[in-house]
Structures are given as C-alpha cells and as structure tokens.
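Annotated features, as they stand in Swiss-Prot:
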| type | residues | note |
| --- | --- | --- |
| BINDING | CYS1179, CYS1182, CYS1203, CYS1206 | Zn(2+) 1 binding site |
| COILED | 4-33 | coiled coil |
| COILED | 225-280 | coiled coil |
| COILED | 394-555 | coiled coil |
| COILED | 596-1151 | coiled coil |
| COMPBIAS | 1231-1261 | compositional bias 'Low complexity' |
| COMPBIAS | 1294-1305 | compositional bias 'Polar residues' |
| COMPBIAS | 1314-1324 | compositional bias 'Polar residues' |
| DOMAIN | 36-169 | domain 'RUN' |
| DOMAIN | 1337-1466 | domain 'GOLD' |
| MOD_RES | ALA2 | N-acetylalanine |
| REGION | 586-613 | region 'Disordered' |
| REGION | 1231-1277 | region 'Disordered' |
| REGION | 1294-1332 | region 'Disordered' |
| ZN_FING | 1173-1231 | zinc finger |
Amino acid sequence: MASTNAESQLQRIIRDLQDAVTELSKEFQEAGEPITDDSTSLHKFSYKLEYLLQFDQKEKATLLGNKKDYWDYFCACLAKVKGANDGIRFVKSISELRTSLGKGRAFIRYSLVHQRLADTLQQCFMNTKVTSDWYYARSPFLQPKLSSDIVGQLYELTEVQFDLASRGFDLDAAWPTFARRTLTTGSSAYLWKPPSRSSSMSSLVSSYLQTQEMVSNFDLNSPLNNEALEGFDEMRLELDQLEVREKQLRERMQQLDRENQELRAAVSQQGEQLQTERERGRTAAEDNVRLTCLVAELQKQWEVTQATQNTVKELQTCLQGLELGAAEKEEDYHTALRRLESMLQPLAQELEATRDSLDKKNQHLASFPGWLAMAQQKADTASDTKGRQEPIPSDAAQEMQELGEKLQALERERTKVEEVNRQQSAQLEQLVKELQLKEDARASLERLVKEMAPLQEELSGKGQEADQLWRRLQELLAHTSSWEEELAELRREKKQQQEEKELLEQEVRSLTRQLQFLETQLAQVSQHVSDLEEQKKQLIQDKDHLSQQVGMLERLAGPPGPELPVAGEKNEALVPVNSSLQEAWGKPEEEQRGLQEAQLDDTKVQEGSQEEELRQANRELEKELQNVVGRNQLLEGKLQALQADYQALQQRESAIQGSLASLEAEQASIRHLGDQMEASLLAVRKAKEAMKAQMAEKEAILQSKEGECQQLREEVEQCQQLAEARHRELRALESQCQQQTQLIEVLTAEKGQQGVGPPTDNEARELAAQLALSQAQLEVHQGEVQRLQAQVVDLQAKMRAALDDQDKVQSQLSMAEAVLREHKTLVQQLKEQNEALNRAHVQELLQCSEREGALQEERADEAQQREEELRALQEELSQAKCSSEEAQLEHAELQEQLHRANTDTAELGIQVCALTVEKERVEEALACAVQELQDAKEAASREREGLERQVAGLQQEKESLQEKLKAAKAAAGSLPGLQAQLAQAEQRAQSLQEAAHQELNTLKFQLSAEIMDYQSRLKNAGEECKSLRGQLEEQGRQLQAAEEAVEKLKATQADMGEKLSCTSNHLAECQAAMLRKDKEGAALREDLERTQKELEKATTKIQEYYNKLCQEVTNRERNDQKMLADLDDLNRTKKYLEERLIELLRDKDALWQKSDALEFQQKLSAEERWLGDTEANHCLDCKREFSWMVRRHHCRICGRIFCYYCCNNYVLSKHGGKKERCCRACFQKLSEGPGSPDSSGSGTSQGEPSPALSPASPGPQATGGQGANTDYRPPDDAVFDIITDEELCQIQESGSSLPETPTETDSLDPNAAEQDTTSTSLTPEDTEDMPVGQDSEICLLKSGELMIKVPLTVDEIASFGEGSRELFVRSSTYSLIPITVAEAGLTISWVFSSDPKSISFSVVFQEAEDTPLDQCKVLIPTTRCNSHKENIQGQLKVRTPGIYMLIFDNTFSRFVSKKVFYHLTVDRPVIYDGSDFL
C-alpha cells in the first residue's frame, strides 16, 4: 500500500510539474517579458522539481559528515561534459553558497537563465551508472518512460526567457519569493557571469554599447567622411546581394526542412520494416527450432524402429535355426524309429520262432508223458516178467521217481516260459501302442509344420514390409539430411541477410548522421543568415549616419556671404600657407587612397576566389549526388535480392512443413507397424515355447524307449540264463539216457545170458527203437539248443547294435543339448544386444537432450546477441543525442564567436573614427603633422594586418558555409530517390505478404488432404491388424487343442507311472534348475539395471570430470603457452650453468690468486691514469664534443676518456679474466702482444664465436652520459664465493654485441638513469651528423631472433586509449613495434616499463618496407634502460615519412624473459590561424 501511495504521489507531482511548465510558457507568451522571481508558477515549478530530484535519493555524506544533495549528483554527471561545466564552475565561484542544497538551486537557476535545463537533466539521466549510484529503484529518473516524459516537459522551457538574479538571495535556506531590483546596471554582483568564454555575453553587450556611444560622439566636420561615402554605393549593392542571398537561403532552408521531415518519415518506415523483418526472422527461428525438434523425434523413432527391426531379424534367424534344429531332430527321431523298427522286426521273428519252438517242445512234452506211460507199462510188464522171473531192483524205481520230478520241474519251467511269453506279448502290444502314439505325434508335428508355413509366410511378408519400412526410413533420412542441408543453407542465408541487414542499418545510421550533420549545417546557415541580417542592420545604421553627415556637410557648404572679398584677400594671403599644407596633406591622402585601392583589389580577388570555390563546391556536390544515386541503386538491388531470398525462404519453409507433416504421418504408420510386429513377435515366442514343450515330450518318449531297451536287455539275459539251464538239463538227461542205455544193455546182456526166447528180442527191439527215438529227440534238442545259442548270439549282436544306436542317439541328444545351449547363449547374446541397444538408445537420448540444451543455449546466445544489438542501438541513439546536444552547444559557441566578430567590426569602425579624429588633429596642429603622419602610417599598417586576418577568417567561414550548402543540396537531391525506393519497397513487401498468405493457405489445404489420406491409411492398417489378431487367435485355439491332445496322451501314459517316475523326477529337477536359472536371470537383470544406473551416474560424473578436464586443459594450455618461454629459459640456464659451473670451479682458484693483484693494479691505474668526467669535453681520438647523444667512455686500460665509437673494443684483463672496454691504441697494443688469444674486436665469449664489430660500428651507448661519477668504483672481483645473476649476465653479455656490461653500469653515475628516463625528440635529419657504420641494431634486425612484431599506424596510435599494452620479449630475442607514418610534422611519444628486470631500447628509421636494412638509420642507439624501476619516457618528431621501428632488445639476457608495458601517443602540430587577435 505504501508503494502504491508513493507512486500515486509521484504521478501527481509530475502532473503538477507539467502544469507549472505550461503556466510559465503561457505567462511568457502573454506578457512578452522574461519571467522573474515574482512569478508564483516559477515558485511552484522550483519546489516540484526539487521534490523530484530529492525523491528516493540515496543518503550520502562527505568525510566531514555534511549531507550530499542533488548538487553533488550534477557534479558527478556533468563534471567532464563540455558546456554544462560552465554552470558548475560558475556556481562553485559563488562564495555565498555553503550547502549542497543551495548550490543545486543556484545551478537550476543558472540553467533556466541560459535555457539549458532540459539538456543538462537529459545528460544526467543518460548516465545510468551514476544515476543508479545516487538513486534507488523507485526514482523516476531510473524509469525510462518517466524520465523521458519529464525531459520532454522541460524542453518547453527552452523558448522561455528568465530574468533571475544570480546573487543576493539566501538559497541555502529557501527559494527566492520576490525579484530583487538592482540599483546600478553595471553592478557585477547581480549578473550571471560564468567564468568561460562561451557564456560571456555581457562583455559583448557592453563593448557594443561603447561602440555606439563612440560613434555618436564623432565629429561630423572631418573631411574623411567624403572618403567614407565613396564606398557607400558599393555597400548598398552588397546589401542588395545579401538580401537576395538571404531570400534564397530561406527558401533553401524551407526545402531542407521539408526534405528532413520526409527523410525522417522514410527512416521511421524503414524502422518499421526492420521490425517486421525481425519478427519474421523470429518466426523463422521458431519454425527452425520446431523443425529441429521434429527431426530429433523422427531420429529417435527411426532408431527405435531400427532396433526393433534388428531384434526381428535376430529372432527370425533364431527361429530359422530352431526350425532347422527341430527338423534335424525329427529326422534323427525318424531314423531312430526306423532303426528300432528294424531291430524289433528280427526280435519279433525270433519271438515267433521261439514260440514255434516252444509249441513244438510243448507238443513233445505232451507226447512225452504218453511215451513215459508206455515206458512204464513196458517197465511194468518187464517187472512182472522179472517179478515172475526175478524181482526189479529198487534203483530203477528211484530213477523213475527222479524222472517224474524232473518232468514236473519241466512243466513248471514251461509255465514260467508261457508267462514270460505273455509278458513279452503285452510289452509288444505296449510298444505297438507307443508306436501309434508316436505316429500320432508325428502327424501332429506335421500339422504344426503345415500351420507354421503360413506363419512363416506372414513373417516373410512382415519382413518384406519391414524392409519396405526400412527403405522408407532411409528415404526419409535422406530427405531429412537434404532438409537439414536446406536448413543449414537457410541459416547461412539468414546469416547473410542479417549481415546485409546490419549493413543496411549501418547505412541508415550513416544517413541519420548525415541528416544530423545537415541539420547542424542548416542551423549554422540560419545562424549565418541571422548574422548577415544583423550586419545589414548595422550597415543601414551606418548608412543613416553617413546620410546625416552628408546633410551636415551640405549645410556647412551653403551660399557665400558679403564677406567674400575679405575672405578672398585672406585666401590670397593664405595661399602659400595652404599650398604648403596641401603638400603636407597630399602625402597621407595618397597613402590613404592607395590603401583603399588595395582593399578594393583584395575584395575583388576575394570575390573571384569565392566564385571559383563555389564552382568547385558545386562540382563536388554533383559528384556526391552521383555517388548517392549509385548507392541508392545498389540499395535497391540489395532490397530486391533480399526480397527474392525471403520469398525463396518462405517457399522452402512451406515445403519443409509439408514434408514434416508427411514424415509425421509416416512415423505414425511406422509406429502401428511396429506394434503389429511386436504382436507377431509375441506369437512367435508362444510358438517357440510350444516347440520347446514338444521337444521336452519327445525327450521324455526317448527316455521311456531307453528304459524299454534296458528291459529288453534284461529279458535277453533271462533267456540266456534259461537256455543255459536247459542246456544243463539236456546234459543231465543225456547222462541219464546213457545210464539207462547202459542199464538196458546190462539187462539185455543178463537176459541173453539167461537165454531168454524171442519175446525178449522183441522187447530189446522195442527198447532199441525207444533208444533210437530218445537219441533222435536228443539230437533234436541239441539242434534246438544250438539254434537257441545262435539266436542268443544274434540277439547279442543286435543288442550291441542297439547299444551302438543308443550311443548314437545319446550323441545326437548331446548334440541337441549343445545346440540348445548355443541357442540359449544366442538368446543371452540377443538379450545383451537388446540391452546394449537400449543403452545406446538411452545414450542417444542423452545426446539428443544435450543437443537440445546446446540449441537452447545457442538460442539464448542469439537472444542475448539481439539484446546486445538493441542495447548497442540504444547506446548509439543516446550517443547521437549527445552528439546533437554537443552540436547545439557548438552552435551556441559559434553564435557567440559571431557576436565577437561583430564587436570586432564595431571596434574597427571605432578605429576608423579615431583615424579621422587624428586627421583633424593634424589639420589643427600643423607643427606635429609629420609625426602624426608617421603614427598614422604605423596604425594603418597594423589595421591592415588585422583586416587581412579578419578577411581570411571570413573567407574560411564562407567556404565552410558553401560546403555545407552543397552537402545540403546533395542530401536534398537524394531525398526523392530514397522516397521512391521506400515506396517500391513497401509495395514489394505488401505483394510478398499477400503471396506468403496465399502460399500458407495452399499449404494448409495440402496438409489437410494429406492428413485425411493418412487417417484412411491408419484405418486400413487397423483393420489389417484386427484380421491378423483373429488369425492369431485361431492359431492360439489350435495350439490349445494340440495342448489338450497332448494332455490326453499324457493321461494315457499315466499307466506307465513307474517307468516315467524317473523321467518326472528328472523333469522336476530340470524345472527346479530352470527356476533357479530364472531367479538367477532375474537377479542378473536387477544387477544389470543397477549397473546401468551406476553406469549412467558414472557417465554423468565422467562427463562432469570431462568438462572439468577440458577447462583444466584449456587453462593448462594457456599456462603452457605462457610458460614455454620460461621452460626454454630454464633449460638454457640449466645447460649453461652446468657448463659454466665446471669452468668457474676450474677458474675459482686462479681467480682467488689474481684478485689481490687485480685490486692493487686497479687502484694504481685509478690513482695514476683515471681521468674525471669534467677533465675532458671532447673525445681524445676523434675530437667530437660530448653531449647526451655522444657520451663519455673510459678506457679500462689507460683511463682516458673517449666516445662510444672510439672506445668500442673489448679485451680480456690480465688479472680478472673479464672483458673490458678499451680504446683503439690499447686494443692494437694488446692485440700485437702474444698473451691475448681472445682479444678480438667484438670480444666473443669462450666457446661461443660471434661476429666482430668494426671500430666505427655504432653500438649502444652507456647510460651514464655527461653525469658520470668522477669517483670511479671498480667492481669488487675479490668475492667469488657465490655465483650471482649479475655475474652470469656479465658472462653472457661479454660474448654478444650488446650495449654494456654490468661493470659499466656499476661504474657510471646514478644520474644516468634519470637521463635515460626522458629522451629528447630526434629526427632522421639529426642522424646525418653521426657516423654511418651503425651495425649493432641493423645486425640485430638481420640476424637476431624476433619474438613479436606489432605493426601500428598513426590512426591506431591515436585510438590507443589511456591504458598500456603488454609486449612479451623472450630471453635472447627482441620484439619490434614498426610505426608507419605518412605525413611529416607529427610527434610520437612513448612511455614504457619492463618486468622483472631492465631492457634495451633503440629506434631505427626505414624509408619503406622494400628498402634493405643496410640503408636504415639509427635514430636512438641501443640503450640499457632501468625500466623495471621507473617509467621511461621519450618522444620523436617526424620530419620525413616512413617506418619508425621501436626495438625492445633482450638478447643480452639468456635466462630471463621480460614483459614490456608500453603506451604510445601522437601529437599533431598546431597551425597558427591568427585567432589571438580576434
């Protein structure tokens, strides 16, 4: 609520301020007089404005605790602004004001008096940084709309004049409520006199009033007025011409105003068109984003369909493999059945044979009791006969009983055999039933195969459909790739259009700038017209004054009176006197006439030159018009090309939208097909499971058959045992028969001995027949036994074959199990592949999301760029406003300068009047005529010079005005062409919009038709899916019926529970194992899911680490780039130090021994030979005078003083072993001696050859110069315990052609550094006095290693900025700054410093890039500067254009790389224009 109340109060205050402004403007218009402090509307305005300035202002205070107010805000904003600074300085000059509030009120009153309040406040509000630092967010000055409204209201006060006293009020307490009346008009206490040239109008007014008073006080009786009247007609003609020109200029001003309005309208229309184009670009960008999203979705769906197709193909291959395995298993099963049938047929035959043999045996057994009965009867008869004859022995009875028992045992065995035969028959029946069941199962399998055929056909058809879909997807991908290329082309074209748009905006800005420039020119022209009007008024006044003087002269020259004779006598007496006066007066008159004629000639010459300049300006204007017309034509061509590109873009966008719609429809159809494929895959999986169940049943049947084979083996073993038992019984029977035969023979023999008659023979015959029969039976039994043995052998062979077959079947089963394992592995591989595909899909989704994020970031970046462009445009607008305000301020200053020029002309008139007064004084004082004439001559010469200067200034102003007029004419000529172009562009834009609307309507209609087609296709696909689902349901029913039949078969096989128990147990175990495997698979899946999640987390972490690594890599690369030089330096230092350490360790003992002798010798040489700097002012060899450029150098051997060029030789000292500077004579002496192997001209280091320097070669100069210390302190060579950096620098500097060694710098005066910090201006001409052979800098440029070259121009140096730039100089290298200068007279200044140590500096001049380096001139030789301690300043004046190379040399340092911080400036020469005399 508080915020709303504050806002409502703020709005009310702004409305009150607006009402006060309107009241002030009305009061000024009605009264026609300036507004004073008596006005109540002024009181209201001041209070409201102060409230707004203090509203929501931050509380600030000074160090003393005084509160800061809006006066400090004005100072912070306007302290550096030209024009507004005058008011601030004026308020600060008022000592009466003590508080910040009073100073702010005085500044507001100053701005009202000078009509600058709106401009100053606008400049303050444009400085948003300072405003936000002084005000909170609720302030109206931080709200652009409210601030613009306030400034727009205050701009109405620029036309209102205020008459306010600058002093006399206590502004610290309150605003003044009444107007203070001044007592004297010239009192300076109540006048606004800001301390500046631009605002001092009171001095001009006072001087103008003084000139009028002086003109009115002139004496009209002077004879020089006649001379002044001679130029009156010419002045009148000039006035007429000026009036005509004024009319023309006014008409031109009106035309330019109209053209300016038209241009503003055209610019506004162009801005609207740009906004529409921006909106279209935004819509196109949104469409592109939507297209990219659709393309990403299509890619995802295509990847999903591709994965499904891959899985379908893999499943198809698995099904084919399973079908092949099933077919192979069926073939193996059929072959096994055939083998078993082939094996069963001989077994059946053998069983039939055994049955026949058993029947025969039964028959024999049935006949055997009869035979036994007959034998018993015979035995009874025999016993009767024997009993009659002899009693029968008891042993035969016992044997007979045993035979009976044996017969009973045989009967029992026969019954057992019959039971075995029955069991075998039952088993055969079971086998037959099983064969029937197998045949039924085979028939069902054949049915399933037949049913699978259409399914396979459907699968093949779906595979074809999938292939078609794949082809479509490939085509779609090709289309998408083509569309992506088109999108890329569209983006490129869009970028090109944006660039062209930016170019057009730049051209519009340039046009606006030209318009502003034209407006400023128009303002200047209007100002000039006003100045001409004022001059016209002054000339009219002068004309009136001259006419009055003429009338006075005519009155004085009236009719002669009666005193004529007396006057004639007096005249006759005065004739000689008059003649003498005329002779004395003729000379100045002639001189005055000569001056006037010279002035007329000058004016004529000026007019001719003005006409020529006008013609040249017209020609230039015509050329500019032609250029503008050409530019307009180019702009029209660009606009047409942009419009054509825009139409093509719209067409492409429409085509892309249509293709996207078709892609969406095709994607929907692909999704439906994918659903159908998933359903078919489910059906195939169900069929696969059914096949697995059938295979399990077949395995169970095979196991049952194996059990039956085992039973058969057991039966064969039992048969073998029975055959062996029978064989034993036969043997026992044979033995019994033999015993019986023996008994019979014994009996017969006994009977024969007893002499029995013929009946015994008969009985013997019968017994023999019986024996023969028994033998025959025995033979038959033996044959049967042999046959049974053969059968047993055959059965054993068959059993072996069956076992072999069983082994084969087991091997086949093992193969099948291996195939099943392979299938399982394949299934697992498929699962893993599926999971891998899912992972890849997830990764692709992540990549897509990342791409989307990148695209969003790109969009955000584009939005930021557009916002930055808008901000830049706003800043440019603000800058343009600032420039317009500055132009207005400059306009005001020009007006003030013109007023000054008018006052100067008035002063010239005063001087002319003074001349006339002096002439009258000459007539009155004839004695002083000669002196006064001389004084007049001097004054006339001075005045002539001033007039000539004024005429030159006026000519320059006239030329500038003519150029401005020409530019205005050119701009006016270009306006109608631009208007026509804008009209054509608007018509084209309207036509383009209409065409775009029509194309959009057609595209919408096409899209609706395509949508209807795809909907019908979707309905057909749905119907096909329904039919396929029905077929699948029928197949499921058939499968259910087959399963029911299988269950019935299982029910029939329930009787074989005992045999199948083992198989059921095995199956249960298998199922348990399967359950375990399923559980393990579930656990593995969970593990996989966990691992996937962990992998995703790991991938995210890896990506984060990768990003961090990338950042670290970039940082390391940057650091590596910075540290490469340091590493090279360290490697060099390492190698060099290793070498030097060995050398120094060797030389250490010798140095210890030589140190005392060296000190003693140096002291002797210093005492005996060393000369002070003041003892020699010229070089002792070449007699050149020492100066800053030619410095003093002591020879370290003889101690005399030479210049650098005469003392540029180095020789190894005898005691210290160091290279020291010496003169030519000492160098020749030492070189002739045998003890200086290294005394070469250049003084190369040991083991490092370097080019020798000639004695005349200009080397670097020592930094000591004139101020070298007379008390020379030699380097302390007695201390060699620690190898310091300075010693290493001495070693490395001794082998190079560099400026000086550290011993030299130590020996020089410390004032040398002060002399090096500032270098005087040098030119190429200054180097002509120097010797020619300056080889060290040129050798460095030729053979030295360049690190960095930074070419600069004068314009780049002019825009160098306030800060310094960095230049890197690696060790043993140098860096170069070539400055190309195209004009002479410039002054190039530099300031540089180095880090961490000093650096050498030199300047070399080169005429052009093609000139060889041998022809270059050394302006400043190589100088070692202590730039690491203080800034080195210097400057150079350019007298010949060319290339000035600033060389920063670091070749003397082999280990330390350095950074140079430099700042360059350019000063142009000041052209004297005589403005001091205005």
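The backbone N, Cα and C atoms fix where each Cβ goes, and this holds for glycine too.
Same-chain residues lying 6+ beyond the ends of the coiled coil (4-33) with a Cβ under 8 Å from its Cβ atoms: 39, 41-42, 44-45, 48-49, 51-52, 55, 138, 140, 146, 149-150, 153-154, 156-157, 159-161, 163.
Within 8 A of the CB centroid of the Zn(2+) 1 site residues CYS1179, CYS1182, CYS1203, CYS1206, the other residues of that chain are LEU1180, ASP1181, LYS1183, ARG1184, VAL1190, PHE1202, TYR1204, TYR1205, CYS1207. Summarised as a single figure, the pLDDT of the domain 'RUN' (36-169) averages 88. The local packing around CYS1206 (Zn(2+) 1 binding site), expressed as other Cβ atoms within 10 Å of its Cβ over all shown chains, amounts to 22. Every protein chain considered, the tally of other Cβ atoms within 10 Å of the Cβ of CYS1203 (Zn(2+) 1 binding site) stands at 24.
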